[in-house]
Amino acid sequence: MDNSQRASNGAANGGYNELRARRGRNVIEERLRSNDRGIIDNPLNYRDEETELPQDVKRFFDDYGLQEVASEKLLLRGALLAQDEQRFKRGEYAPSQIESAALDREEDPKFSEQTKELKVILLTCCVAAVVQGWSQASITGANLQWPVEFGLRKSLCGPIDQIWIFGIVNAVTYFAASVLGAWVSDPFNEYFMGRRGALFVAALFTIGASIGSAFTVSWQTLFICRLFLGIGYGAKASVVPIFEGEVAPAQIRGRLLVSWQTFTAVGILLSSGFNLIFHAPGADKNDACNFADGWRKEVAWRLQVGSTIIPAIPLLFLAFVCSESPRWYAKKGNYCKAFRVLCRLRETPLQAARDLYLIYSQLRVETLVFSKISDVEAKLDDWSDDAEFQRQLRKSTYPRRLRQLFTVNINRRAGLAACIVMVAQQFSGINIFAFLATTLFNAGDKQDPSGGNQTSPHLIQNLWQSFGFALANALFSPLAYWFIDSKGRRFLLLTSLLLMIPLLLATGLSFLSSSNVPHEIFLILYTAAYSPGAGVIPFLYSSEVFPLPNREAGMSLACSVNFALGGVLALVVPQLVNSLGVTKLLGLFAGLDAIAAILVWLLVPGTDQIMSLENMSYIFGVPTTRHIQYQINTVFPHIFRRLVPCLSVKGDLPPLYIWNTRRRDAQELQQWQVQPRHETDTEWISGN
């Protein structure tokens with residue numbers, strides 16, 4: 001290359017950097033507000049790697065006292081890697097052989113290769129999920145006996161006032177989780193030392209409520225104990241998926257988050273097994289029993305509702321052993337502790353430095369944009385002073401974070417999508433079986449449609465049916481592990497919802513007295529369709545979609561919606577079984593399932609491409625109307641052409657989202673300047 005060519009290329013690159021600097025400050029803001037083009041961006045793309053980025057890193061290094069934990073050179077290398085991995089590998093600070101090998105393994109990671117610290121955190125979260133499932137199912141076996149203990153009939157066909165009492169005792173846990181438990185998770189995170197502290201407090205609520213339930217003397221006191229159980233129930237659900245998502249590598253975050261639903265199902269299974277072991281021999285006090293059976297009749301249901309303490313105690317200790325979320329430390333401005341944790345979570349310090357600087361950069365941008373200050377563009381462009389960024393972080397109170405869920409476009413769209421997937425889970429009808437399995441089987445049994453008093457062997461059969469349902473849920477949930485990061489969350493959820501519609505109808509028809517097909521067969525098939533999709537996705541998806549400044553509050557909103565609907569189901573299903581019968585009830589939920597599938601298709605963005613949590617904000621920068629138009633005008637015709645043999649399909653489905661890869665070719669830059677692709681486009685990048 002001669003001197004004239006070098007000069008030409010240098011001028012072109014200089015023009016590129018000048019253009020980037022001039023436009024960069026409002027590009028990111030615009031994409032976080034209304035990302036019509038669906039550009040998945042990175043705020044570091046707009047910092048010049050030769051001048052601005054080194055200055056930014058030095059200021060960040062000095063201002064946050066990172067001299068204690070890292071060198072400035074390491075942090076700069078991490079920032080360059082976060083900005084452009086391919087360019088970094090060819091540049092002055094290219095990775096060493098060990099670092100290159102670690103980066104290569106990161107592209108196709110295996111769980112066995114993950115660090116010990118990550119595995120300890122995952123163990124803690126898995127135990128918390130077991131507590132969650134155990135809390136949910138512990139009342140299932142007790143529902144056959146505690147109404148008799150407190151003078152209520154156990155049958156769903158009893159007087160209406162007694163059925164409402166039965167329903168409200170079951171439902172209060174979910175209403176408490178919705179109204180109290182889900183919403184206190186943000187203050188728990190704020191005032192009890194982060195995710196670990198919130199888990200510890202939630203475990204305390206679970207232990208206290210379990211002990212109280214075992215010694216209750218009336219349905220009113222059982223009601224109060226289950227209310228406190230609901231506070232812990234809601235808090236755990238709002239914290240654990242977030243915790244897992246924030247520590248997991250982006251490439252396998254979905255696979256690791258599958259553990260929440262999987263181990264919740266394991267908790268339901270273990271609790272159902274405990275219900276079988278400590279079942280009462282009969283539900284009527286007048287039954288003739290031997291001494292041992294009499295003892296079991298008095299205390300069996302108390303052991304069942306109190307058994308949640310078994311997994312809750314280990315959770316207390318694990319909450320102290322595991323590390324805190326590095327993103328929570330970053331949110332608190334403690335980047336030294338965040339880096340230390342990242343070093344234990346990642347294979348090399350270079351990867352930890354990359355994640356740290358990317359977390360800081362996106363948090364800075366989101367905090368400033370969400371603040372809606374008048375000179376936000378200037379603040380976004382001026383990285384030399386973090387005073388305004390820190391001031392806005394300090395102003396981020398709980399009421400303000402709640403308000404931003406409805407006033408910030410990204411949060412509003414993410415909240416809509418998260419609430420829809422949570423509604424879809426409840427509309428699927430699964431919690432009819434999960435909450436009220438034994439009583440539902442009792443009411444729907446073809447041999448005794450009145451649901452009257454049953455013999456001991458028949459009660460055991462109902463408990464075995466409940467156990468079989470829990471076993472199927474635990475076995476089928478892990479299927480999502482192999483598809484969650486390749487097919488995507490949205491694909492699995494839609495597939496699950498569509499498959500459940502005919503299976504719900506078939507399950508309902510099998511309860512008819514004229515049917516000779518055991519309803520257990522269809523129930524197992526239905527559970528197989530539910531577990532890896534509508535079972536796994538809702539909490540996983542909701543924990544990912546909110547920006548870091550509002551993540552806890554957003555997850556609280558989603559969980560609150562889920563538990564409120566769960567409480568309504570637990571309250572009204574006994575009435576609906578009595579008035580409609582099992583067959584019509586399951587038919588009703590098949591219709592609700594179809595509605596949920598339509599809502600998910602139109603209003604829930606997909607996240608099938610592997611991306612960090614920081615990338616999610618740009619997904620939800622895309623207006624909801626743009627997503628609906630894409631589904632109706634692009635996706636639907638494409639699917640229709642593929643299904644109709646006589647119609648040809650031209651090319652692949654055009655993507656809704658475009659990855660922003662930094663283009664440095666002067667000719668392409670010039671072409672963009674001359675022929676912009678959109679009148680409001682501030683983008684010089686294209687490609688998938």
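Placed from the backbone N, Cα and C atoms, the Cβ positions cover glycine too.
Features of the protein shown, as given by TrEMBL:
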TRANSMEM  120-143  transmembrane segment
DOMAIN    121-608  domain 'Major facilitator superfamily (MFS) profile'
TRANSMEM  163-185  transmembrane segment
TRANSMEM  197-215  transmembrane segment
TRANSMEM  221-244  transmembrane segment
TRANSMEM  256-279  transmembrane segment
TRANSMEM  299-322  transmembrane segment
TRANSMEM  414-443  transmembrane segment
TRANSMEM  463-484  transmembrane segment
TRANSMEM  491-509  transmembrane segment
TRANSMEM  521-541  transmembrane segment
TRANSMEM  553-573  transmembrane segment
TRANSMEM  585-604  transmembrane segment
Proximity of the transmembrane segment (221-244) to the transmembrane segment (491-509), 3+ C-beta pairs under 8 angstroms: no
Long-range neighbours of the transmembrane segment (553-573), counting only residues six or more past its ends (CB under 8 A): 164, 167-168, 170-175, 177-179, 181-183, 185-186, 230, 233-234, 237-239, 241-242, 398, 401-402, 404-405, 411, 414-415, 418-419, 421-423, 425-426, 431-432, 435-436, 440, 538-539, 542-543, 545-546, 585
The transmembrane segment (120-143) and the transmembrane segment (491-509) contact flag, 3+ Cβ pairs under 8 angstroms: no
Ranked first among 163-185, 256-279, 299-322, 463-484, 521-541 for CB pairs under 8 angstroms with the transmembrane segment (491-509): 521-541
Per-residue pLDDT averaged over the domain 'Major facilitator superfamily (MFS) profile' (121-608), given as an integer: 84
Residues of the parent chain within Cβ reach of the transmembrane segment (163-185), under 8 Å, 6 or more residues beyond its termini: 135, 139, 143, 146-147, 152, 156, 198, 202, 205, 219, 222-223, 226-235, 237-239, 435-436, 552, 555-557, 559-564, 566-575, 578
Same-chain residue ranges lying at least 6 outside the transmembrane segment (521-541) that approach it to Cβ under 8 Å: 237, 241, 245, 254, 257-258, 260-262, 265, 417-418, 421-422, 424-425, 428, 430, 433, 468-469, 472-473, 475-480, 483-484, 489, 492-497, 499-500, 503-504, 506-507, 510, 558-559, 562, 604, 607
Interface-richest range of 256-279, 299-322, 463-484 toward the transmembrane segment (197-215), CB pairs under 8 Å: 299-322
Beyond the flanks of the transmembrane segment (299-322) by 6 or more, those residues with Cβ under 8 Å of it: 117, 120-121, 123-124, 127-128, 130-131, 134-135, 138-139, 141-142, 144-146, 149, 196-197, 199-200, 203-204, 206-207, 209-211, 213-216, 222, 225, 229, 267, 270-271, 274-275, 278-280
